[in-house]
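Enquirer: The structure follows.
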Amino acid sequence: MVVEQIEVIEHRIIEEGRRPSGGPLLGNTVPFSTIRESRESYEQRADGTIHDRRYEVTGERDVSREPSFLHTSANYGQHIETSPPPVQRYNVSGATNSSFLNTSGDSRVSYPGADRSNDTTVINNYGYDIHEVRTDDGGARIIETHGSGPLRETSRIEHVEETITRPSAMRSSSAAAQRSSSNIFTVPAPAAHVSYRQEFASDNESLARKDSYRAMQSSWDGDEKKMTSTLNSRRFPPQSQTSLVSRETDQHSGKKIGCLKKIRTFYQGVRYAFENSEYTPELLRSLCCILLLLLLLLFLMFIIFNAIFNRYAVSEFLLYPPVCEECRRKNPALVSAALPSSVFVHFFSKHQAHFELRGNQPFKSNSFTAVDFNTGYVAYADHSLTDANGKHFTCFLMPLDRSAIDSIDQLSEAVSESSYEIQSTFGWQEFYQFDPEKIEPMTAKQKFTEEIDDCEGAQWYLLRQTVHARDASCSECYDFCLPDWAVVRKEKYEDESTLGVRRLNCFRLYVPQWSNFRVETDIGGGHWKYPLSSESTKRDKNGEWVHWIPTTNAQGFSRSRKSINNATLV
């Protein structure tokens with residue numbers, strides 16, 4: 001452990017003389033004897049740096065450096081010894097005067113020939129104190145004068161020097177026992193690092209207050225000294241050691257403050273600043289700049305989060321079909337302005353995109369489509385093929401045509417460039433070029449990266465493309481047309497693309513669950529009407545049923561089937 005030593009050296013140099021204020025014998029006057037006295041005290045402490053530097057922050061009065069605690073004047077605490085008084089005392093002018101010295105401070109002017117028989121010699125006391133403190137970081141020197149005036153009839157010099165040294169280890173006993181009796185007559189320069197010492201027998205009475213105060217400060221236990229040495233090695237700024245609240249208490253109290261309390265304190269501070277501040281033009285301009293920066297930051301955050309989450313958001317569009325000339329030819333009473341169909345596009349994952357269709361004419365029902373761009377397959381679930389619990393009992397599988405939609409990035413770009421209302425000028429034709437073929441559910445599940453929840457436990461059909469037209473051999477089959485989604489150009493020579501329906505993939509399928517329902521033609525003619533209306537099988541953008549009506553509770557259908565000639569359907 002490194003022990004630091006503080007040496008407090010006090011030097012007092014007293015020059016005492018008595019001279020008359022004037023007279024012819026001024027040049028023959030001999031001053032009396034001079035006594036020099038020095039006091040020295042040693043104290044050893046490991047935490048001397050903190051004790052000596054605490055006064056710089058707390059503003060305490062250091063009794064070891066304050067001259068008012070040690071003496072009140074130049075004569076305080078000194079024993080003035082004089083040689084045996086002569087028979088006669090002379091003033092400067094040579095006149096004899098046997099009167100005693102007057103130290104009352106009365107100053108009188110002497111002139112030749114004046115009657116000074118009853119006059120006393122005036123002695124003016126004058127002195128100064130020099131305080132020097134040298135540390136590793138620097139030092140300070142303070143000179144304080146006191147007395148009633150300049151030295152005139154008497155001279156007195158008092159020199160107090162306090163030197164603080166901090167050796168790396170304790171001085172040896174032999175070095176500490178060395179004594180020096182040389183007199184010091186010079187004042188040390190501020191820039192030079194020189195210590196002037198006079199070592200005599202220490203006077204415990206004059207430094208009793210200082211020693212007791214330092215003893216009180218050094219009465220800590222071993223743990224406190226170790227902690228102080230650690231803090232001193234970190235070179236913290238000087239702090240007072242006399243405070244009742246330690247640094248550890250402040251640190252622990254700061255850690256206990258919660259985040260909510262810190263926010264509340266910060267809010268209260270800002271509110272107090274706004275309530276008590278003076279609203280000058282400069283302050284208002286600063287507040288406006290801060291507000292603009294906050295708005296800009298919010299706008300940038302909105303753009304960033306929109307770019308991140310928009311890919312997995314749900315987009316809704318209205319699809320207007322082209323004018324159906326064939327439908328108008330078959331049914332002249334049909335209104336030419338068809339109602340639009342709505343579609344919800346949901347980017348389910350980085351590999352799948354889902355389409356939720358609320359179909360109107362020429363669509364015969366609502367449907368769900370899942371496109372897996374990783375495996376290259378498409379799953380269809382017609383909402384008319386559901387049971388009383390809303391579960392699909394039939395799903396369809398077909399390969400993805402890359403010429404229609406190449407990737408999910410292309411689809412995302414088309415969705416971002418599409419307007420809310422999409423007017424189609426071509427497409428939407430019915431193509432009966434597919435034949436359904438039953439496959440195992442396990443085989444169908446292997447065709448997709450993520451499992452299709454709507455087709456869980458359903459019967460799968462693979463739609464194989466053929467070259468023949470609609471098969472008329474099945475008299476009890478229903479016609480199904482599913483949308484073939486594609487990315488198309490908005491105009492012929494424009495680069496912007498949009499979402500569209502390239503065609504309708506149609507086929508005929510026998511549904512055994514509908515064998516007990518009566519067959520009716522739809523409003524367009526040429527197709528059988530599904531037992532479950534499309535108004536009862538709509539779903540929202542989250543995939544939840546809207547106005548769901550189970551098949552068993554559907555009104556307007558009877559349990560008996562009515563035979564209809566197949567020729568009337570052609």
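Positions of Cβ are set from backbone N, Cα and C atoms, glycine also.
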Enquirer: So which range, 21-44, 93-116, 525-548, gets flagged region 'Disordered' in Swiss-Prot?
Expert: 93-116
Enquirer: Which of these, C327, C455, shares a disulfide with C395 in Swiss-Prot?
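Expert: Answer per the record: C455.
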Enquirer: Please give me the CB contact count at 10 A for C395 (disulfide bond), counting all chains in the structure.
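Expert: Excluding its own Cβ, the number within 10 Å is 23.
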Enquirer: In sequence order, which residues at least six apart in the same chain have a CB under 8 Å from the CB of C455 (disulfide bond)?
Expert: A379, A381, H392, C395, A444
Enquirer: Let's see if you can do this one: DSSP helix, strand and coil counts over the domain 'BRICHOS' (369-461), in that order.
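Expert: Helix/strand/coil tally for the domain 'BRICHOS' (369-461): 18 helix, 32 strand, 43 coil.
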